[in-house]
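Participant: Copying in the features that TrEMBL gives for the protein in this structure:
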DOMAIN    1-263  domain 'F-BAR'
COILED    130-174  coiled coil
DOMAIN    397-474  domain 'REM-1'
COILED    404-438  coiled coil
REGION    476-539  region 'Disordered'
COMPBIAS  476-490  compositional bias 'Basic and acidic residues'
COMPBIAS  527-536  compositional bias 'Acidic residues'
DOMAIN    538-599  domain 'SH3'
């Protein structure tokens, strides 16, 4: 099946068909381009979605590390990889399919134009040959008619008796001339006809089939290219299917890794305070002294009505009190003096407590002279939200169990830093030995400042570790001895469980829990001392150290180059700025050593 033999007379239709083929090719290329844009937008939206729900770098340490959260973060990572594979699909389609189609379409247009021009030239040449043949034919026909007229004129004069011999001779010469010209035109017409027939045969059997063959091959190559692009379009996605399957398997694996028991244990580890539950409140009998001094009949009915205590209301209020780490009954007030209470009995044998005027004087004197029992709001705020200010260095604002974990975590971090500094010291010593043995490699004295700085860092880290280990030993000692102190409630008539101190920390000291009668010689400023240094000064900005500062003088703060500090007091003109570290350490640093950035409407560090 060949276009040259089957479609020898369909040049215009073949022209339209080849143009349609190129248009279809470009239409498919446009489809691939739009598909690439869809893949790119899909991948971009997936990445934005992952970025939106991924934890921030700043809050990574504060993010709960539950298995459900970790599984979700792993799913986000897998989804991010999945988005990357969609980008790979778009890139492969753009390079292998769309780009190849556009290049091939350009080449196809050039080749088609060349073949059609050859076909038109061949057709124009054949038309020219036909015109030449037609002109010779018409000329031969005209000469034949003229010769026929000359023949008729000669015969008419030859048969006419009145015609002269000269007229007959002239007519005969004219006949001979016309006959000769007709013969010449006949020969020319025959030659042109033979030439045209030869060119026409060559045109329809050699030239046009060759041109149409090239057009057919071009169209078939276009079809083959479309087939390859169809396959490449599918292969672009099929190549990433195994990786996408791994991403989906990773999501399934992340879902299976969720462990509800482990999450529950992490909740316990995260919020366990380490305190023992409160024990039973002992019965305190205040009626012994009354029985010895007052008879049953001395209490009037009006006094009984005014002295009743609503047990239901009291219990309800006690239960409504919220403890910092769960519901805990509010510690009882210190026992009143024995003479301030007495018991009255009703005729049916029931007893109730009544108060005399003496407890009022006792309570008023205690308010004036004693320390407040309720912790300050500043200390509560500091104990609850560490973000509002730098945390206490020894974590005393935390419950024992949480404090122990924080201290242990800090000790581990300090040990890692100490190990790094020790490795750096060993490396510097080795380098110094090499320099001493080979002076041409470097000056050993140039390493001395770095060695001194490393040794200072090692000493500082060891002191920090020793200090935190001391605090950890204190916490572990208190935790271990708490069970023995529970039984002291019978002696002190009060459960001496850990309570919140006015400073926001917790204490187990029984002497601090049970207070005796108010001391008249207490310091007049004890109440004010409770609120001293409750909350650090608010940060009004931050600064970055441009140069290192040793801070050997008292009241100054050492800093390293590049270290970021809080600004809590501006330079008053003396060249010093008051700053604070993340751990709460404060001091003055030279203003010329730092780059200060003040914050507007700053409410705190």
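Heads up, residue numbers simply count up from 1 along the chain you see.
Glycine is treated like the rest: Cβ placed from N, Cα and C.
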Participant: Summarise the model's confidence over the coiled coil (130-174) as a mean pLDDT value.
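Facilitator: Within the coiled coil (130-174), the model's average pLDDT equals 87.
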Participant: Using DSSP, break the domain 'REM-1' (397-474) down into helix, strand and coil residues and give each count.
Facilitator: 72 helix, 0 strand, 6 coil
Participant: Summarise the domain 'SH3' (538-599) as counts of helix, strand and coil residues per DSSP.
Facilitator: 3 helix, 29 strand, 30 coil
